[in-house]
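S.K.: First, the structure itself, so that you have it in front of you.
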């Protein structure tokens, strides 16, 4: 059976586009990996795959092996060195698996249509049936290594990709011996009413299809001006929490906008912050004036210094506990 | 089963559509589309349970297309608002484009929402609670003001939080029905808002409107490469489908802190942004719209941002972009009906 190497499958859904599904998927994957789990990411957004870009592996191609496709490795399981700075790493290692050599980090691999296209600018102009077939193939023909978590990043909406994805997954998981394999869905929203109204549709979609909602993440909640440190709620605030309460699903947390994270993804620059920035009780690495941020190192290792890392640490810990408690 | 790494099946974007036959089985993977000229005779059709039905269905153009053309013949300009990426502000921009055109009292403006799974236009226009009126002559759009009419799938849903869980074929049917039934009447500009991506909705809007003539498409993007990546795909789509690109708008570029007036590039244009993309692809660059929290708030409350904050920099930027769109479409005079 395909997916037999995968212990838990988590969907990342949102009715609205551009709320940060891929960005949240990326950060969930990085954080899970930092906590020592092995993670796979499957991108089923066929007409706009962004996962390769997020992990900085755009040039990579999928290899064909007997029996299926080999997903692209972002990094292998390894021990990350603990940084001896005032960075976030200290706190995190204490939380994850503390060891002499460093932080135990799980492997991370990805699969996306972006790896198959010959030219990154090419449009994938497919009608529903072709998309359905591709989604099925992604679920059955990818040779995942042993995974603790498989995150599935979806396109916006509730249409062909979603229907096919759930049809295939529900058929597989209900017939298998592990009914908890499809752990549930993380629903992403931004705080504005416009986004909330679309995401409510997605929550109803989960209800109708019987997928458990693991929780709601509110993304783009607030932006801290790097100059004056005043927090401005560009897309208003609190909408996600209210919606979660209305639908009686857990609220996992608010994620602010962090330009340093955008920089990390877009240019691979190590996140640096103004002096005295403290997030969730942890001091961030200071920005030194006139020094260009360095680009060396693995994405996962640089991400530890991002101000969003502690936020996700909390979200992921809750998720993992929740999923494990149902095993 | 050995997976295939083949290139995507080519969809024939120029073939005229014919009537979709009633199928006995779901369309298979390489289906050329039951409406296509090739239905039932293409190589991929061999062995499909629908083959006979598709092959024997009446050939020739879809009889509904002339109906659509007739309906829309009184609409002078049709603009598609496209973007490969979601959440870059297609609907926001469509709303503002329509409001701006409608601020000229001599223009009648229509706004059609083809995003079926996530329609946001009614909320942004403040007409969420409305329903469609059906008359003998067709469906009446919902009028926001004297000269601004709106049509969306939201008006037909029983509950506004209900998910529309439809596959592509069904969505196409609805879009077609919209185009056939809605009585736009005598209209100067029709703005068509689309969902993200390059799939069913886009293909059908394109093929349904082909004969009635679309002025072109306005592409919306945000400055970061993650969004531009998808917009490039959309440009490729427009080229393949022979849709004229009126130009590209960069939304959410730069955020001015209300506290200290410091401008931050939240969505950093690490690869030169839309301007560079426009130059590379040789398409017109229509302008940039800064990120203003009040735009989002105006949309949440269903108000017109342009009316509420006429002096804000964002408003000026939008009006500039709308003028450029008018120019690109070859509309005579100042489309906004006033001089600044």
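Glycine is treated like the rest: Cβ placed from N, Cα and C.
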S.K.: Which range is it, out of A:83-104, A:105-126, A:127-148, that shows up in TrEMBL as region 'Disordered'?
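M.R.: Based on what TrEMBL states, region 'Disordered' spans A:83-104.
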S.K.: I need the least crowded one of these binding-site residues (A:15, A:225, A:228), counting other C-beta atoms within 10 angstroms of each C-beta.
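M.R.: Comparing Cβ neighbours within 10 Å for the binding-site residues A:15, A:225, A:228, A:228 has the fewest.
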S.K.: Below 8 Å Cβ to Cβ and six or more residues apart, same chain only. Which residues does that give for residue A:22 (ATP binding site)?
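M.R.: The list for residue A:22 (ATP binding site) reads A:43, A:45, A:50, A:51, A:54, A:153, given in order along the sequence.
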S.K.: At a 10 Å cut-off from the C-beta of residue A:21 (ATP binding site), count the other C-beta atoms across all protein chains.
M.R.: 29
